[in-house]
Amino acid sequence: MKELSSAQIRQMWLDFWKSKGHSVEPSANLVPVNDPTLLWINSGVATLKKYFDGSVIPENPRITNAQKSIRTNDIENVGKTARHHTMFEMLGNFSIGDYFRDEAIEWGFELLTSPEWFDFPKDKLYMTYYPDDKDSYNRWIACGVEPSHLVPIEDNFWEIGAGPSGPDTEIFFDRGEDFDPENIGLRLLAEDIENDRYIEIWNIVLSQFNADPAVPRSEYKELPNKNIDTGAGLERLAAVMQGAKTNFETDLFMPIIREVEKLSGKTYDPDGDNMSFKVIADHIRALSFAIGDGALPGNEGRGYVLRRLLRRAVMHGRRLGINETFLYKLVPTVGQIMESYYPEVLEKRDFIEKIVKREEETFARTIDAGSGHLDSLLAQLKAEGKDTLEGKDIFKLYDTYGFPVELTEELAEDADYKIDHEGFKAAMKEQQDRARAAVVKGGSMGMQNETLAGIVEESRFDYGADSLESNLSVIIADNERTEAVSEGQALLVFAQTPFYAEMGGQVADHGVIKNDKGDTVAEVVDVQKAPNGQPLHTVNVLASLSVGTNYTLEINKERRLAVEKNHTATHLLHAALHNVIGEHATQAGSLNEEEFLRFDFTHFEAVSNEELRHIEQEVNEQIWNDLTITTTETDVETAKEMGAMALFGEKYGKVVRVVQIGNYSVELCGGTHLNNSSEIGLFKIVKEEGIGSGTRRIIAVTGRQAFEAYRNQEDALKEIAATVKAPQLKDAAAKVQALSDSLRDLQKENVELKEKAAAAAAGDVFKDIQEAKGVRFIASQVDVADAGALRTFADNWKQKDYSDVLVLVAAIGEKVNVLVASKTKDVHAGNMIKGLAPIVAGRGGGKPDMAMAGGSDASKIAELLAAVAENL
C-alpha cells in the first residue's frame, strides 16, 4: 500500500476516474443553492441531485468529485471518537444512466488494489453487500475477492424517502488484531459493532429503483436510468494509508494540532486525554471553510451551528489553558493544509480571521453572562431548598451559552450541588432527534420524470430576437407526449425561441404564440429548462397546436425591458456593494422581476444608512455615466482573467457569457441585458433587511418604479409638512424636531408630577408595616396610572428602611399588576411572585430583589394581599 499525502490521495482519485472517462465536478459551496431541504452540503452527491432526479441531464454522464461537506447532527461526539468530524471531504464517482454495477465494482477494486494506483493489499479488504444482491456478490468474486471476505448485511439498502434507491456494497480495511483486543473478528462487521479494526473506506450505492414509501420494497419500480453514487471519506483513506491510529493523526489535522500545542504549552498525546486538541482542530476547519463560503455565526440555522462550534472550541481551548482569543490564529494553518485544492481559505484569510476573532470576543462576554445565569440558578436552588441542578437547565447552559457539561458540573459541585445527568441526556436526545428528523426529511432525491428526461430534440434561445418564426417539435400534455393539443395547459419545445427560460435569478419571459394567420393560439406563462437544457414553454392553449407546424413566437417586450433594467442594475449593485462594504459581500441569491429586483448577499451586520446612501449614489452615477454594455462568449479561465465574478452557486459549462458594463462591472451571466446603463434611468433602494445569519437582502426598483418611489416619498413629506404646519418642505424636519423636543419636555414634566404624587401617596402606603416569619413587610393596593408608577413606589421604598419586603398591587384598566421587592436574602422576589401571581390569574418572574407579574382577575386582589405572609 502506498503511503500518500492527503493531497496526493485526492489527486490520484480524480486522475483515476478521469482515466475512466469521468468529468471532474468542482467542489461546490458548503451553503446549498436552491435547495431548502439542506442546511449544509453534507455529501458528495448532495450537489448532483438535479442529475439523479432527471431534472437536468449532465453533459457527461460520468462524474467524479472531491466535495467539502459538513454534518453537525453528532457534534458532541467530535473529539471523543477516532473518526467523527463536522467538516470532512467526500471523494465520489457517479454514473448517471451510464455504467452500472459491474464497472463500478471492477473499477473500484482496480483503484484500491492496482500497484499503479493505491496498491492496497487485497487480503486486507472486506466487503459487505445486501443479501438479495447476488450480482454484487458474484462481481466481487469475479474480481478475485475471497468469499470469506464478503459479508451479507440486511441494512445494505440505501433509501431516503421517495426517489432513487437501491442496494449498496461497502468496502472496509482490516487494521488487524491489534485493534481487536477481544478477538471478535468478522462479527464486528456482521453485527455492526462499533470498532477500530474494520474501517469503512468506501460505499458504492447501486441506484436502480424509484423508492415509493407507499409500497413494499419488493414493488419498487426500476429507474428509467440506473445510477451509481459512491462516497469515500478522504480523512479515513488518509488515516489508513498514512498508518495513523485515528483520522486526527493525519496530515489533515496534525499541523493544526501542532499550532495548538504552541498556543497552549501542552503536548498532544495520541494515547492520552487529547479530546480538546481534536475538537479545536476539527471545528476550526469547519469554521474556516463555512465562513469562507459565506455562512456567518448567528442565532439561527447554519449561523447557530457555527456559533456553537466556535464556542465549543473556545471552551476546549480554556481547558488547555488558552484564555485569550486564539482560534483566528489557526485559520492560516487550515488554509495552508488545503491550499492545493481549496485556495479560497487563504484568499479570504483576512475576512475569516476577522469574523472568528470578533465572535471569540463576543463569546468572552457571553461566558460572563452564562456564569451569571448559573449563579442565579444555584441561588434559586438554595432558596427552594433543592440540591440538584435540573437537566433542562444544564442543557440551556450548554445550548444557549455554550457551557460544556463538564464545566457546569465542576462549578455546581464546587457549590455542593448535584447534577441531573439523565435529564440533560433526555433534553440532548430530544434536540438530536429533531436534527436527525430534519436530515432525513431533506435527503430525498425526488422522483425521476421519464417524459421530460426523454426530450432530446434540439432547441436554441435567440438572445437578439423578441419575435421569430419557429417549428414546434414537442408537445407534452398531462405528462405525456402528444402530436396535438387544443385546450388546457401544455408544455412546448420549439427549434428556436426568443423566450428566456428562468435562470440565474432572471424570471422567464411571457408572451404569445401565433399561427400563420396571425391568430393567438397560446399564451406563454412560464419558461423553464428541460432536463436536457431545452427551453420548456408552459402555455395556456387557446386554439389547436400541432407538432411539425411553424408558429410565430412573440415575447412581451415591455415586460422584458423592465426585467432587463432590474437585472443590469443588479450587476451594478453587486459591484457597488464590493466597493462600499467589502469584497466579502458576495451574491447569495437574486431575483430580477418586472417590478423590482431583490439581491441577497453575505454580510455580518446591517448595512448602515450612510452605506446605503453611498451604494445608491454609486449605482446611479454608473447609470448616468452612459456605460456601454457588451457580452462576450469565451471559456471560464479567460473570463476569470478578464476579472469576471462567478456568481454564487452557479455551474458553468465550457463556454460562458461575460457581461461587461463599461470598466465598472464584469460578471459571468447567462441572462439578458440592456445595451447601455443609461437605459436603467434611475435606481432606488427601498428596503434593506436581514434574512438569516450572515445574509442581508436589498430590494430596489428602477426606471418608472424608482420615480414613483421618490414621488411617494415626496408626497409623504408634503403630508408631514402640512401636519406640522411647516411653511416649506425644507422646514419640515426642523418643525418635527421642535415638536419632538416639546413632547419630550412635557413627558419629563409628567414623570416628575407622577413621582411627586407617588411620593405623597407612599407616605400613607409605607405606614402599614406587618411582620411574619421574622420578616417585616408592606402589602398594599395602590391607585396608579401605569406599571411604571409601581416601580417608582419601589424606588422610594428602597431609599429608606421601611421594611424588608414590599408587595404592591394595582388594577390598571382590565389588568392587574403586581410588584414584589426584597431587601433581604431570605426572600427571593422572583420566587415569591410566582406564588402570588396565579391568585389573580397571572404569571410573572424576576430577580431576587425585584419582580413583576400581570394578571386578569381583579376580584382576587384582597386574597392576594392576604396570602403575602404565607408566601414569604
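Glycine is treated like the rest: Cβ placed from N, Cα and C.
For reference, Swiss-Prot has these:
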type: BINDING; residues: H567, H571, C669, H673; note: Zn(2+) binding site
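Look at H571 (Zn(2+) binding site): DSSP puts it in a helix.
Of all Cβ atoms in the protein chains displayed, 27 besides its own lie within 10 Å of the Cβ of H571 (Zn(2+) binding site). Highlighted in sequence order, Q506, E564, T568, T570, N592, V659, E667, G671, T672 have their Cβ within 8 Å of the centre of the Cβ atoms of H567, H571, C669, H673, the residues recorded for Zn(2+), and are not part of that set. For the recorded site, H673 (Zn(2+) binding site), the DSSP three-state label reads coil.
The Cβ of H673 (Zn(2+) binding site) lies under 8 Å from the Cβ of E564, H567, T568, H571, I629, T631, V659, each of which sits 6+ residues away along the same chain. Within 10 Å of the C-beta of C669 (Zn(2+) binding site) there are 27 other C-beta atoms, taking all protein chains into account. All protein chains shown were included, and the count of other CB atoms within 10 Å of the CB of H567 (Zn(2+) binding site) stands at 26.
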